[in-house]
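Enquirer: Sharing the feature lines straight out of TrEMBL:
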type: DOMAIN; residues: 1-58; note: domain 'Fibronectin type-III'
type: DOMAIN; residues: 64-159; note: domain 'Fibronectin type-III'
type: DOMAIN; residues: 163-252; note: domain 'Ig-like'
type: DOMAIN; residues: 259-353; note: domain 'Fibronectin type-III'
type: DOMAIN; residues: 359-454; note: domain 'Fibronectin type-III'
type: DOMAIN; residues: 460-557; note: domain 'Fibronectin type-III'
type: DOMAIN; residues: 561-646; note: domain 'Ig-like'
type: DOMAIN; residues: 657-751; note: domain 'Fibronectin type-III'
type: DOMAIN; residues: 757-817; note: domain 'Fibronectin type-III'
Amino acid sequence: RESDHRAWTPVSYTVTRQNATVQGLTEGKAYFFRIAAENIIGMGPFTETTKEIVIRDPITVPDRPEDLEVKAVTKNSVTLTWNPPKYNGGSDITMYVLESRLIGKEKFHKVTKEKMLDRKYTIEGLKEGDTYEYRVSACNIVGQGKPSFCTKPITCKDEIAPPSLDLDFRDKLIVRVGEAFSLTGRYSGKPAPKVTWLKDDIVVKENDRTKIKTSPTTLCLGVLKSVREDSGKYCVTVENSTGSRKGFCQVNVVDRPSPPVGPVIFDEVHKDHMVVSWKPPLDDGGSEITNYIIEKKDAHRDLWMPVTSATVKTTCKIPKLLEGREYQIRIYAENLYGISDPLISDEMKAKDRFRVPDAPEQPIIKDVTKDSAVVVWNKPYDGGKPITNYIVEKKETMATRWVKVTKDPIFPSTQFKVPDLLEGCQYEFRVSAENEIGVGDPSPPSKPIFARDPIAKPSPPVNPEAVDKTKNSVDLSWQPPRHDGNGKIIGYLVEYQKVGDEEWKKANLTADSCPETKYKVTGLTEGLTYKFRVKAVNAAGESEPAYVPDPVEVKDRLEPPELILDANMAREQHVKAGDTLRLSAVIKGVPFPKVSWKKEDHEVSPKADIEVTGVGSKLEIRNTVHEDGGIYSLTVENPAGSKTVSVKVVVLDKPGPPRNLQVSEVRSDSCYLTWIEPEDDGGSVITNYVVERKDVASAQWVAISSSSKKRSHMAKYLMEGTQYLFRVAAENQFGRGPYVETLKPIKAIDPLHPPGPPKNLHHVDVDKTEVSLVWNRPDRDGGAEITGYLVEYQEDGADEWTKFQTVPMLDCVVTGL
């Protein structure tokens with residue numbers, strides 16, 4: 001029964017042993033127990049426990065403590081921590097016992113004081129360099145439990161650990177002006193590191209707003225009521241003797257921008273609009289300017305009117321102004337964090353500040369010709385805007401309408417050559433200037449001028465020289481004068497003078513009889529020496545004479561012949577039959593050589609046209625045929641020598657007929673044709689042969705091969721017994737030549753041979769004047785049906801056989817013997 005109850009509860013009725021296990025009890029409660037013996041007669045009296053028994057597990061010493069760790073080591077101390085044992089033995093832990101053993105010694109020595117319940121202990125007063133190992137035991141009411149596992153051997157010396165740094169902030173931090181911000185983190189290291197804060201590479205110092213707090217494990221930089229100047233790159237450095245770690249943060253303290261920078265510049269002022277510009281704010285507030293807000297106000301009113309709030313440019317057109325009114329402009333800058341204070345302009349009146357250019361002064365005309373004149377003027381006042389163009393106009397003096405003569409802009413030049421004037425007409429000119437505002441008034445008209453060339457006498461001809469001579473003439477040549485006096489050169493006068501005479505004689509009477517820069521002076525006397533001079537003539541008169549430098553002796557000049565071949569006189573010339581053959585060459589030589597053409601050392605064909613001029617010769621044959629081919633030679637000869645050139649001419653034509661067409665191997669359905677290539681291939685390779693056949697009873701030829709390159713062909717598919725004619729023609733790239741034809745028809749039959757001898761000839765009967773013979777058919781009939789058998793006999797001993805008769809059957813009776 002429970003100690004606080006009076007009722008007994010049976011545990012078991014059938015226990016025969018002297019012990020029993022009572023189940024189902026509650027831990028911590030007190031119980032009384034009683035036992036009675038029983039036999040067949042009945043149950044005896046109960047025996048009761050003398051005192052109450054409290055139900056609990058039996059108490060033992062604690063398990064060993066766990067996780068013994070070394071937390072810190074110096075040269076004279078060691079700090080250890082551990083966790084309680086998993087099981088305390090059924091009784092609370094009353095104390096821990098920490099023991100140490102010097103390496104090399106056997107015994108552990110207690111190092112903790114009495115009743116130590118903390119699970120962390122620092123052992124001090126150790127000797128630097130000594131090495132110990134440690135263990136810890138737990139004690140309860142029963143006693144001291146097993147010791148923990150030993151630590152590794154620990155040597156007393158100062159511990160070193162490089163710095164570590166764990167930051168609570170990111171690389172970038174954006175803060176509104178007036179707000180506070182802090183940069184915090186944790187650090188460690190042995191020995192204890194030094195903490196340094198930098199901003200833009202300058203050490204941060206504490207003041208009323210900036211606070212720095214550093215503990216052995218944490219660090220913090222705080223800024224109160226931040227301002228724009230607090231923006232920058234912050235750096236924290238944690239450093240000890242083993243190294244350093246750094247952390248960075250780009251702090252951007254943002255605000256609305258400062259006002260745009262003035263003054264407001266009025267780039268353009270017009271009666272109904274203005275164009276203004278300004279400079280961006282000096283401080284954009286740490287954020288890009290998103291737009292400018294522009295407003296306008298009549299200077300005599302208090303109401304500001306919006307112009308635009310959507311421009312990012314630093315210039316703006318202010319529209320819808322009233323002419324003559326004064327206006328002010330104010331401009332705000334805006335970013336993501338707000339709108340700046342305004343920039344306000346001075347007052348500006350809406351009126352046109354610029355105008356069109358003034359009229360130029362009266363222009364001057366120079367360099368007049370029959371169809372052009374140059375107009376020159378001075379630049380006028382530009383009206384406040386740069387001049388971009390000049391407009392030049394012309395009119396005939398008696399006309400009333402001015403005509404513009406410029407198409408493209410004229411600037412900055414202040415002169416223009418007016419083209420397309422009519423010769424002899426009188427003109428006036430005027431000029432207007434134009435800027436971006438418009439076109440100004442025209443200048444006063446120029447003085448009238450007539451469109452005509454000013455003419456003067458020409459300068460002398462240039463470089464006259466004698467380029468050729470004969471026994472009674474001299475050829476002169478020169479270049480035109482450098483100046484024609486602004487008049488057309490009509491021609492030239494050529495004069496000559498015999499050396500020793502004073503009088504110059506005219507070779508031509510009028511200048512227009514010598515319009516070109518050469519002249520042949522004739523009628524001179526052979527062997528005499530002459531001087532020559534030339535004058536240029538225009539409408540104003542004759543130039544000064546230009547002299548041939550040296551006197552010229554009149555006599556024939558000898559130069560050996562020279563041939564300059566044209567392209568058609570190359571080593572080999574190909575011409576297609578029916579086309580025209582042209583051979584030509586330039587011929588030089590003094591006197592001009594005698595020209596002769598030959599073909600294969602014979603006279604050329606009468607159909608050839610030969611032309612000889614003073615500079616060369618040409619041979620031409622129209623409608624060439626193959627026979628016109630061969631080697632042509634051109635010979636030129638004069639007293640100074642001769643020269644010959646040759647060219648091989650190939651007339652490309654259809655080939656000639658094949659030769660020696662033969663038919664062999666005639667069968668009932670085929671025959672074999674052979675031939676020899678044509679004597680003449682037409683100057684081009686034979687590409688193929690065309691073979692045709694014809695039934696003698698038909699008028700139509702039938703092609704049986706048109707692409708064979710061989711000189712033979714098997715004609716197949718003939719009809720037995722039919723007579724055929726065959727013909728062959730050759731082809732090259734210029735066409736098909738004539739056919740060669742078989743002389744007589746060919747009959748399509750197999751070839752015939754004499755039959756074989758009859759077999760087994762013997763007699764079957766004999767009489768005094770006749771003999772009966774029989775025999776068998778021969779083995780072969782020779783390709784045709786046997787029509788009969790010739791029977792002959794010979795008297796024994798004679799030389800000749802006597803024909804008896806031809807019989808159709810395989811027997812015969814020879815009579816008359």
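Glycine residues also receive a Cβ, built from the backbone N, Cα and C atoms like all the rest.
Automated prediction, rather than curation, is the source of TrEMBL annotations.
Worth saying up front: this structure is predicted, and the values here are computed from it rather than measured.
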Enquirer: On the 0 to 100 pLDDT scale, where does the domain 'Fibronectin type-III' (359-454) sit on average?
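Expert: Its mean pLDDT is 91.
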Enquirer: Under 8 Å for C-beta pairs, could you tell me which stretch among 64-159, 163-252, 757-817 has the largest tally with the domain 'Fibronectin type-III' (259-353)?
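Expert: Result: 163-252.
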Enquirer: Within the domain 'Ig-like' (163-252), count helix residues (DSSP H, G, I), strand residues (E, B) and coil residues, in that order.
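Expert: Going by DSSP assignments, the domain 'Ig-like' (163-252) contains 3 helix, 58 strand, 29 coil.
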Enquirer: What are the DSSP helix/strand/coil residue counts across the domain 'Fibronectin type-III' (259-353)?
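Expert: Per DSSP, the residues of the domain 'Fibronectin type-III' (259-353) fall into 0 helix, 50 strand, 45 coil.
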